[in-house]
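For reference, the structure is listed below as structure tokens.
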Amino acid sequence: MTEEKAMLETGWNFDNSYARLPQVFFTSFTPDAVRSPGLIILNTPLATELGLNADALQSKYGVAELAGNKIPEGAAPLAQAYAGHQFGNFNMLGDGRALLLGEQITPDGERFDIQFKGSGRTPYSRGGDGRAGLGQMLREYIISEAMHALDIPTTRSLAVVTTGESVLRETELQGAILTRVAASHIRVGTFQYAANFGSIEEVRELADYTIKRHYPEVDADDNRYLSFLREVIKRQASLIAKWQLVGFIHGVMNTDNMTISGETIDYGPCAFMDNYDPATVFSSIDRQGRYAYGNQPYIGGWNLARFAETLLPLLHDDQNEAIKIATEAIGEFNKFYHENWYAGMREKLGIFNAEEANEKLIEDLLNMMQKHSADYTNTFRSLTLDKLEDTALFNSEEFKMWNELWQARLSRQQESKEDSQQLMRNSNPAIIPRNHRVEEALEAAVERGDYSVMEKLLEVLSKPFAHTQEQTDFCTVPTEPNESYRTYCGT
Ligand SMILES: Nc1ncnc2c1ncn2[C@@H]1O[C@H](COP(=O)(O)OP(=O)(O)OP(=O)(O)O)[C@@H](O)[C@H]1O
Ligand SMILES: [Mg+2]
């Protein structure tokens with residue numbers, strides 16, 4: 001394909017609705033060109049869904065676009081302003097190393113943000129260099145795509161390119177740019193920015209824009225801003241329940257890393273839990289365990305309370321009334337979260353209907369898993385495949401008793417044993433991006449330029465509920481204990 005033809009055919013179809021918001025919300029600008037762009041990975045199925053031409057994107061011209069060296073026609077690049085509570089402390093932030101190219105309108109008429117991460121300095125970079133390392137961007141690519149395959153709302157990864165420039169951290173890293181795809185990048189922190197640094201009218205404009213984009217169903221409601229708040233709370237309750245159900249630890253649940261669309265965002269220090277332990281923390285900077293696995297639902301509620309605060313002027317003319325309404329709405333988060341979590345846990349145990357006795361069954365199992373340091377994913381996998389002898393719990397008396405109660409519970413429902421097993425197969429992934437597997441893939445890619453390990457891993461991760469024999473190798477737990485694994489932000 002000639003370059004000129006590729007240029008015509010990459011398939012971008014941009015709209016720039018975000019750029020029509022008041023100027024305070026963003027700064028338009030063109031990214032600096034990088035030295036020598038090189039394509040590392042392109043998500044071909046995602047490119048096709050977006051209406052893009054994967055062949056053209058792999059051409060020299062397409063890769064220049066994915067590096068920010070050529071701005072596609074119709075794009076209007078901008079960095080978004082936001083603020084946020086980081087580990088509880090409020091800061092002015094913004095896209096310091098990200099850049100929104102525009103919103104791609106797909107052949108189905110859907111709208112997705114196309115954003116670079118690692119594309120260089122912006123007006124919001126503060127002291128940072130605006131860059132990202134190859135390992136970290138590939139890690140985000142692998143885990144976000146694994147989350148998508150696990151049916152968890154998430155930003156997605158279209159491509160990673162290297163820049164041909166080095167990035168200086170503790171060591172010298174290869175610079176890279178990730179192209180991220182999201183329903184939008186509007187964060188709790190975007191609302192905090194509006195509420196703290198803008199006018200009430202600007203908060204209203206942001207809220208109206210977000211309702212139109214993500215919650216059109218509340219548009220005509222009497223108190224549309226209250227309905228909006230409640231719907232965001234519901235989506236986040238559902239999202240965080242899904243994280244808990246697969247053992248995902250986000251690692252840096254600052255308010256700027258929580259989306260209004262209900263998608264998981266920012267795969268900096270995240271990791272999956274091996275042994276079941278609510279206190280599990282992987283992030284090297286989370287010394288107090290604020291973002292530990294078991295604390296995520298609480299932090300979700302805390303972040304949403306910060307979101308509710310930004311909407312107070314819109315909820316009621318009388319601010320005391322507004323606080324009352326907002327507090328009631330936030331108070332529902334726990335209920336929504338528990339409904340979602342219990343329903344998901346029930347399904348993991350093959351139980352079709354809600355019943356109070358289920359709760360004890362679930363809690364007893366989790367307690368046993370914690371006591372015996374059982375692997376979270378593999379315990380549910382063994383129950384699903386009826387290979388109880390594979391669990392770390394098998395020889396204990398209490399597990400035998402628990403199993404009898406579980407079997408009795410299953411036989412009390414009208415659905416067949418086969419239906420129940422099918423439900424479990426659909427609810428319990430065999431495959432999660434285990435830390436040692438992700439590290440192995442990144443080491444081969446970054447240290448040796450061998451991408452085959454990552455490609456194999458991505459393929460296995462794309463079918464977590466297949467329960468095939470060939471997955472078995474990827475189900476093994478690491479030989480080193482959980483606790484020694486550490487993740488780092490911002491590299
Ligand atoms: N190398 C860097 N240069 C400039 N700013 C940075 C850099 N790394 C992080 N930041 C900024 O610091 C803030 C907090 O960073 P955090 O790690 O949450 O985000 P991120 O991983 O860069 O991006 P995102 O949340 O978009 O996935 C953000 O405003 C981010 O843009
Ligand atoms: Mg972030």
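Placed from the backbone N, Cα and C atoms, the Cβ positions cover glycine too.
Taken straight from TrEMBL:
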ACT_SITE  Asp256  active site, proton acceptor
BINDING   Gly94, Gly96, Arg97, Lys117, Asp129, Gly130, Arg180, Arg187, Asp266  ATP binding site
BINDING   Asn257, Asp266  Mg(2+) binding site
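A sphere of 10 angstroms centred on the C-beta of Asp129 (ATP binding site) encloses 15 other C-beta atoms. The binding-site residues under consideration are Arg97, Arg180. Their Cβ neighbour counts within 10 Å are lowest for Arg97.
Of all residue pairs in Gly94, Gly96, Arg97, Lys117, Asp129, Gly130, Arg180, Arg187, Asp266, the annotated binders of ATP, the farthest apart have Cα atoms separated by 22 Å. For ligand 1, the nearby binding-site residues are Arg97, Asn257, Asp266; that is, of Arg97, Arg180, Asn257, Asp266, these have a C-beta under 6 Å from one of its atoms.
In this structure, the C-alpha atom of Gly94 (ATP binding site) lies 9 angstrom from that of Asp256 (active site, proton acceptor). Among the binding-site residues Gly94, Arg97, Arg180, Asn257, Asp266, residues whose Cβ is positioned under 6 Å from ligand 2 are identified as Asn257, Asp266. Taken residue by residue with DSSP, Arg97 (ATP binding site) is part of neither helix nor strand, so it is coil. Annotation note: Arg180 (ATP binding site) sits in a strand segment as assigned by DSSP.
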